[in-house]
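According to TrEMBL, the feature region 'Disordered' maps to 28-47, 1707-1738. The feature domain 'UvrD-like helicase ATP-binding' is assigned by TrEMBL to 263-631. Residues or ranges marked as ATP binding site by TrEMBL: Gly284, Arg285, Ser286, Gly287, Thr288, Gly289, Lys290, Thr291. Residues annotated as compositional bias 'Basic and acidic residues' in TrEMBL: 1707-1720. According to TrEMBL, the compositional bias 'Acidic residues' annotation covers 1728-1737.
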Amino acid sequence: MKPYSSSSTYMSGDIKALRFRDVEESAKDVAPEVSFPEDTESSTEQSAYPMVQPMKAALYFDNANGFGEWRILISTEAYNHLREHRRADKKIFKIIYKKIKHLSHGQFSTDNHTRLNGPDAGIPIFEAKMTKDLRLVYQIDCVPDQNGEFEQVIKVYGIYKHSELGRIWNVLGNHLARRGAEYRRRCVFRTKPAGNIILPASFPPTEPEPEIPGPEPEILASPLDLSAKDMAHLQYLLVLEKYVTFSQAFLHGLIANQDIHHVFMLSPQEQKVVECTASCYVLGRSGTGKTTTMLFKILGIQRAWELSANGMCKPRQIFVTKSRLLATKVEEYFTKLLESLAMAGYTLPEIAKLKAQRIEDDLVDLDDAPESQMNLPARYSQLEDKHFPLFVTFDRLAKMIAADIIEMKDPDMKRIAVLFFNTNDPGVHDSIVTYAVFESQYWPHFPQGLIKNLNSWLVFSEFMGIIKGSEQALAFEDGFLDRPSYLGLSYRCYPIFANQRDTLYDMFEIYRKFKKQKRHFDVADRTHAILKALRNKNFPSQQVDYLYVDEAQDNLLIDALVLRRLCKNPDGLFWAGDTAQTISAGSSFRFNDLKAFVYRMERHGNLVAPPTGASAQQPIMFQLATNYRSHNGIVNCAHSVIELITKFWPNAIDHLQPEKGIAHGEQPVFFTDMDVDTLCKRFLVGESASNSELGARQCILVRNEAAVKKLHEKVGDIGMIMTLHDSKGLEFDDVLLYNFFEDSAVDATCWQVVLNGVQGQGYVPDFYRHETRYAGICSELKILCVGITRARMNVWIFDTSDKSHAMRIFWKSQNLIRPYTNVSPLAVHSAPEEWASSGRSLFSHKRYSQAIHCFKRADLRREVKVCEAYLLREAARSIVGVTLLNVQQRAFTAAADAFADCGAAATGNERRQYYRTSADCYVRGGQDLKAADTYLKAEEFELAAKKYRKAGSFDRTLHVLTDHHDMIPEKTATDLRMVCRLHYCGRGNDQAPLPLFSTFDEELEFLEDYDLDYARASRLESHSRYYEAAELHLSENRPLEAVQAFIKDNSNVDSTIRAADTISEYFWRKCSFRITAKTALADEPMRHFIDLADQLETKKLTPETRDLISMFRNILRGSHEPLRNLALAFHEHNKPAALLCLDHVFSRTTDIRPFAVDEMQRFLQQFHAYARLLYLILTFPDPMEHQGIQRLFSIVRLSGDEFLIPGGTFLHNCVMETRQGITWVSEHPSGYTASRRNVTQLLQRSIRTILKDKVSEIDAMCCKSPVFSQCLQFLISGVCRRENCPQEHVAISKLDRLYYNNRVAIHIWQILILQIMYSAHPYIERRKSMRDWLKHLYEAINPPFFIQGSPADLDMNLIPLRLDGMKVVKLWIRESFYSLDPFYTQAEFLTALMGITSLSFAFDRHDAPVYISRAKCTDSGPSELYRQGDGCYMVHNLLNSYRGATRSSISSGILYLLHVLDNSLYANLSVLCDCIEDVCSAFIIKYRMNPAFNDFPLHNALLPCSWLLSPHKFNAEKETRLVLMDDLLDAMASLIEALRTEAGMEFLWLNHTKLTPILRNIFISRICRVLCLLAHNIRNRPMRDKVDKIMLSLHKNSPPSSWRTANYRKLVDDVVKYMTPLPGRMPPSDGYLRALLAFDNNKGVSDLVHLVHKTMNQHTRVHIVRRLVYEKIIEIPHLLSSYAVIAQSTLRVEAPAFVPHLEHSKDRPEVMQHDEKEITEPQPQEFEGADENEEDVTANTGAETRDALETLDEAVTSLAPDLDESLRSNGPSVEEKEAARKIQNAYRRYVKRRSSRAVNAEIDAIFMTCLKETQSSEWRETQSSEWRPGHYNLLFLGPLPHLLVCLERGIALTRAAKAKTKGLLNKESHEKLEELGKQRSEIAMLLKKGLKLRKQLEPSSPAHRARDIDALKRGVLEVKEFMQRVPGNMQNMQTEFQMACKGIVTEKKVRARKEKERPTLNVEDIDEY
């Protein structure tokens, strides 16, 4: 057989030890009421419980094979004798074995059955002769068997030499006889012999007899007659001896000579405890066998399971105690018991192979042993059957539970665990507030007034046991009693500080404050934290079947709640302890409290439910009253102290039956009147010099360390002296209590209260009257009891103070002490082995000073050094938190050096442990490198690697990981290898000594996971994976490296394109808006990018990319001309680039004043494009969402609503200029950051400033440019004598229609440019500028002289932006009307009015009457504008004339002109002449339309084209009053005369010049030309005669002599010439026509047109002027093909224009087309899109044109005839007001939306993307006919954009967090590598998660095609989890997420439809059948 292996083996593994960090916060988390989930048991788990039933048989052992019926019980002493004889002489061993075997068969003879004691010595003791000198001493005893009956057995005491047999056996027999007569009868009874064999007898069970209290008369021998040695031997046999069955296992153990233990016999009371099937509470004083009963019950259940054959589950048993030493010893003892039982199954050959072993415990502190050596898993839930039975401390159990809590998914539970526990930290010891820490670090800092006369030990116990650890504390959320509750506790239940509770609570509050400051925690904090976690029903643990809690009083009461939760079996609880021993700091409860507490937990808290098929039994209370340590003399004295406690404080301690000892002994001695010297000389060591000190098993106990020091000073190093607290758990043969009462904090009067226990005593204090005053005596008596029970043999009490008087009287009255007379000296001699044994015992209890004392006397120098090392560590720990850090570190380093020396001298486990402890101390001393070296020596490879890493020695870390990879946990190795990889890969300054990765792919994966992009890119390049490396560089904002890698890549055709794109992106950042070439070239990398751009293979690039690269090259070179061409190329598809080009073109000032017309037009056209692009940025709804705008201004988006303004950019400079006082920007390493709204406002404000400055500059130059006005003097004469003439000098030869249109175009360009500025600055003053430029435009359209052109020459295709340009002109005209004030601009009023009225009716005839009627100037004016007589306002006449829509319009015009001329009203001569021509033309047309004149209206009329443009002139309803025309002719004649004579012309003026003679000459010619046209076209003789008269007058009167030439003279002379008949002939009828034709002479722009009716075309004379053939007169304006006609038409502007066929080929108008594409104004949101396409005016003929003309005719005839009503209505209508209100509200909503949260723009953009997606063909194709798309579409268009904007914000924040960690690996110290690595890894993984979710949820994702709403819901939950992990503030997105979640995830509650109540059927009116 294989050697027996204990089932209690443990798996090796790391354990995560956790420590408290902030205890107060955790305490608040503990609920006031603790409840637990009901236990659930399966049928398999319940099978373990019946193990209790066969346990009796499991612990009952038969004799060895071949033995007889008599069961042989071997004492421990006999067992040792047998082992000694087995080792010394096997022959003698065989003799002894044979003799025992004979006895087992009942073969009694005189040789082996001789009575050793006398016949009167009570129970017979026998001897059996072995050899001549050896005797086997035994007794026939009667003990219970497994069935409860009693049987006779042979109990072997030992094997002695004959000389060793003395009087002790008589005394033993007498002691045994005290058990009663029945016991004696059964021992001496013999059955009837059967041959030579006597069989053992059996007896029925009976009640045990009471022990005889005194010696019987027949007893002759007394213990007092024995020597000290025999007395000790007797004490051992009666008290300490254990007896085991001589079983087969026992025999094999002897043969194998193994150091094992065997199952021994228990007392009947102990047996009852072990066999109890219910839960139990076992109370007993120290030494009564409580732990033994626990151990044997565990063993019995375990062995019963092993012996069972029905396949039951292994019972899970757990033994819990406070002491690590006790748990270890119990586990070792259990293991040895199992090993001994396993011996029974060994064969002799197997036994022969076993080597003899004697295991001696290592001299190490068990608490220093690493938890990894405990063979236990780190987590409680990982416990397996093989780990049970489990022997563990409560601290270790708490850590295992905490490890489970950390692994729980509940974040609150994890927070609690991490808050209170830590792992493998040598400094964790300092964070726990033990009593030692409390005494050294807390107690000195309490106010002295509070701690006066208080004991720190008792105060700490009150804090832990009552205020924080009591049951009542669970009712408080903070985990401790509040002041009122504490003050209200019962004085009898809690008597110690009954009268000082206010003071105690003050101290407790100070303690809490200190603890929080120090970040400490205590055991109560830990328990409260665990209780909170255990309330969770999902706690991942399997409960145990049996729970054993030893020394329960050492725990807090609330710890029982934790322990009880672990056991599912209500009958499987075993609580043992003694509350009389609760001198452990922090303990303060009774077993009755515990029992009641557990009961309430189980019943009221519904803690557990009984197993299926069984009901929980009531727990049983056991009291073990037999003391196996001390004799009755000591036991009775101690019990008297207990009785005093129970008498006065019945609730302070559990009530037990009187304790008894097995043997009698001497009573304690009380010294009262002896001084110290006498004590030392006469008693302690005696007079003999040989006994100069106490022995190894003797001790002096004092109150405290001060008393120890004081006594040492008096008596020297006389022996072991220790405090009562240190003696807890120790045993000595002899104890001296020194000055116990004298050093008590309680005064003598209080001690008097014990005299209440003395009968007949005189005056004693009334305890019940002043109960609280004597509360301190309770704790004093407990301590006194502990001191007395430390002794086995002798107790001496030395105290001469008055305080001892009362207690001495009490003991004397009870006859419990004896005087000191005739007392032998205390000191005894001890052998070195005894000193060594005592030293080890003291060492195991951490009494290092006393252990040193013992080891020195045993001459064990190595052990002394070990103890000194531990003592140094204790000293170092004691100053933590008290002294400076460097002092602490020096102390720990000294201890570490001492442990290192011990390790060098040790071997095996001790060597490793000493080195480990040394390393721990080095850690505390701040010597990480030394610690690592020492850990390596300790073979703690994991810790060594960790410390090497902490010290920054990565080379050695890597070596340890490689050399000892099998010995290091995988997780630790992974973490450390990770940090090594981070060091070598992330920093790049060191080369790893060993390979870090097994494969290249693994390396890439690591570098990706930890975001080590630079190293990853380098590795990719090393493997020629340039494209991947470049993309990685690019993703990490390293464009230079990316381009270099792209260019290296020759295998990928896209690399060149990507390189070019990257270069252009870099150029964008460095050459952004308003950045000069000089500034850009100052950037060092820029030169590298320029060189790299030169290396590009341009043939691989797209034209757009080539243009971008070319653009930046020209920018950097300062070449502006190529930028103009590039701007035109970019305008369609890349407006930001176009704007950048134009900004560089116009960034420098160009003097445009000397420009000619064509140059000016080109310049203004480009500048308009520049201004419009600037304005588009202002009007863009959300420029921060436009990538082109962000790129143009180098704005970087950091998060959803935060943007970066990089340093050195245009916007950054704008901020810098006004930085003072600005609060809406924040500093950033790269510039400034601001919100979306603030950046947008900054951008718009800056662009507005640029726009205003540049436009104002251009406007100023245009105003001074001569090109906008022609010099008539130069035009006519070719000479201009004006110095610096402000007008253009142009030759007549250049005048043509193109030149005319170009002049008009530059005016419109400038108007458009100014309008852009005014739109950007709506509040800027503009009225004067608008009037001035409209005046210029009017003059350009209506030049002063006909040869310059006329509106008939206006070509739509040559006008800037076609209709858009005219729209702006219309707007200006309208605004000018509104701003025109006849009083303010009186001098220029009529001129401005005539000009803008002419323009308005020419270009905006449909709307002009409406807004003109609302203008202020039409309401009233100066008095000179009113006609005398009828008081008519002349402005109305003027407007009526221009409108031409009423019958009196011609007459109104004439009356207006007469009023102006007659009253010499101030007017511009050119404009006045235009007005005269307009009235005359209307008169002629109306006159020629008269059917009486001609059958065909207007046939054969010859008129200027410009006179025929207005359709309103062809209205047949107008009146022509010849009288008025005659008056007008007179006025015209007067005007001519005034101009000729320069008299009375002061009211006339011209633009830009004075009325020089030449100019007067020109205007006389112009008026004369009008007169000629009147005379030719009107065949009215009187009117013609008047014209003739005017001409003759001019002919006769020569011009002034100052005129060099008179231009009008030719026309006048020709007229006179042609109207003077030749002799014999009549004057020609066309004389005026001839004169006109001769005057025009085709100079300048052709003007005249000959109207011919279609039916008369063949019969009409052909003139040299243009002929216009018409059918209807209304066709004439359209046949002239002027834009002005179309603009004033009431038809749609999109209606096609008709271009007629003109017969005169020379004068055929041409439709001009630009060579370059016109730039039209797009909508603001189409900054990147194509321009708005407008249809050009096309030439069409046929029926379509006729239909349009008919429609126009109908429109004209429908015009309102009433002038006065339409023009005088200044107020808006009701409908207009309502429309204005709606427009205003809509605009306000628009502004509000623009100023609202920026996230709206993001949502809008995503919504538009979703909307476009739903309109795609792919979306529609996926819709099945059975599927209803409505619901998913609603989710897709509604909540989804909100969800996506949250996701995008989270991704942005994650990217920002990722950017923050860049470069920190090189900047931060190596200590932060793990943190940085973890951050980088987590952020990288989180970013991957976010990008994956984006891909999954984005509108174009294929996942939406499936319309899976459940998948969409899962996506929402994943986004929620992602948002929770985002490293940033996502609070501002919660509203959006809630909208998404509510719309997608939240289930809608469907309201049940309320059925309508059906009406009752009326059957009353139904007839009965």
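Here, residue 1 is simply the first one shown, and the rest follow in order.
Glycine is no exception: its Cβ is also placed from the backbone N, Cα and C atoms.
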Chain-mates of Gly284, Arg285, Ser286, Gly287, Thr288, Gly289, Lys290, Thr291 with C-beta within 8 Å of site centroid, ATP: Asp578, Leu624, Asn627, Tyr628, Arg629
Residue, out of the binding-site residues Ser286, Thr288, Thr291, whose Cβ gathers the largest set of other Cβ atoms within 10 Å: Thr288
Fewest other Cβ within 10 angstroms of its own Cβ, chosen from the binding-site residues Gly284, Gly289: Gly289
Neighbour tally for Arg285 (ATP binding site), based on other Cβ positions within 10 Å of its Cβ: 24
Other CB atoms within 10 A, centred on Gly287 (ATP binding site): 21
CB within-chain contacts under 8 A for Lys290 (ATP binding site), separation at least 6: Val282, Leu283, Gly284, Asp550, Ala576, Gly577, Asp578, Leu624
Segment-level pLDDT (mean, integer) for the domain 'UvrD-like helicase ATP-binding' (263-631): 78
